[in-house]
Amino acid sequence: MLDAKYIKDNLQQVAEKLATRGYQFDIAEFEAQEQKRRHLQERTQDLQSQRNTISKEIGQKKAKGEDTSDIFAKVNQINEELKIIEKELKDLQDTINQTLLSMPNLPADDVPVGKDENDNVEIRRWGTPREFHPEAPAKDHADIGEILKMIDFKAAAKVTGSRFMVLKNKIAKLHRALSQFMLDLHTEKHGYEELYVPYLVNNDSLYGTGQLPKFAADLFKLEGDFEYSLIPTAEVPITNLVRDEILDTETLPRYYTAHTPCFRSEAGSYGRDTKGMIRQHQFEKVELVHITAADKGEESLELLTSHAEKVLQKLNLPYRVMKLCTGDMSFSAKKTYDLEVWLPSQNTYREISSCSWCGDFQARRMKARHKNPSMKKPELVHTLNGSGLAVGRTLLAIIENYQQEDGSIMVPDALIKYMGGISVIK
């Protein structure tokens, strides 16, 4: 959530920046609401002051044995008016808060202005895409998996529906090996604290990280007495661990990681990536979350991104880093780098990780702060998150980049020990 005071002091600048994110901020409406709010607040304070003065007068009259019935009538009149105005003020404040909750984060100054993914800017590349012989072109991961009888989309469709999969045998083992490899790399080499977190979260958590109220349609919600939803990403439970907390500044930065399933309805993705593992309702990720002080937020994004990149480098998977434009960033992000891995069957790069610096946007929603003895009052932390990596997409990238002409799949060197010595899947 944006700082209301900052908005009031920088209305035109905020409107211009929000416009680059596709959000139309009605300055006149906002100013009218603020003017009305101030009027109601001033009237409330005036009535409360009158009531306090009269209450003292009642006490004085009672001490003298004088009649106070007329004054009590005036107090009752004030109380009735206060009740009406306080409700009106509350309703108006709720409306203003809903407006604030609907606003996306303001982009950092160096974020390119653009409408969609076509306006993203390439920062760097790593690795050289493998060339396939024209007579033996690269096969799609779904075809390879089905030929090996180790990826079964039909069985998943029977059990559940579309956009699910069943992994079998050595490909299931490779999927598990990947998550273990990623966790070990981040905890042993990059200094992350590993967590096991709930896969169900409450609405407060979803508001905290920005999924609600705007993206309710993307969630899988439980029916019944519990207002719980399945997590769309481990960012939600991990980041909300610091909700309503005042952290000791000396404990920052904090680096957290967790391996979880993720569940998304893909409400806006009808007809896209219907074949294969690219876009599933259920998938797994190893999530990375940083909690930092404000002055370390932007540099922490570079560090987090490098940690996600290291996974791809260890697996020798060619990729590129893209700086997202204003129109393609997620709702809560201030600045985002996407890692895109090379997929031979599509002859292009596809997203495998999104690393975002959210500034104090989520922290303001969560009331997540930090303090040390030299600070006059607690300050909002900065939050960052990224995939390190999406396990399913990494799996399909390995299947495609390590496929052999005989239909087998070579296991990357970094994963052989996690595969119990298996170096070829066939």
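Glycine residues also receive a Cβ, built from the backbone N, Cα and C atoms like all the rest.
Residues or ranges marked as L-serine binding site by Swiss-Prot: Thr233, Ala234, Glu235, Glu287, Ser387. Other Cβ atoms within 10 Å of the Cβ of Thr233 (L-serine binding site) number 20 in total over all chains. In the three-state DSSP assignment, the secondary structure recorded for Thr233 (L-serine binding site) is coil.
Residues or ranges marked as ATP binding site by Swiss-Prot: Arg264, Ser265, Glu266, Glu351, Ile352, Ser353, Ser354. Here the Cβ of Arg264 (ATP binding site) has 20 other Cβ atoms within 10 Å, regardless of which shown protein chain they belong to.
Look at Swiss-Prot and you will find 46-55 tagged as compositional bias 'Polar residues'.
What Swiss-Prot lists as region 'Disordered' is 36-66.
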Practice problem: To the nearest whole angstrom, state the Cα distance for the pair Arg264 (ATP binding site) and Glu235 (L-serine binding site). | Solution: 14
Self-check item: Between Ile352 (ATP binding site) and Thr233 (L-serine binding site), the C-alpha gap once rounded to whole angstrom
Solution: 14
Quiz item: Taking the mean position of the Cβ atoms of Thr233, Ala234, Glu235, Glu287, Ser387 as the L-serine site, which residues outside that list, in the same chain, have a Cβ no more than 8 Å away, listed in sequence order?
Solution: Val236, Ile238, Ala258, Thr260, Cys262, Lys285, Leu288, Val289, Asn385, Gly386
Quiz item: Using DSSP, how many residues of the compositional bias 'Polar residues' (46-55) fall into helix, strand and coil, respectively?
Solution: 10 helix, 0 strand, 0 coil
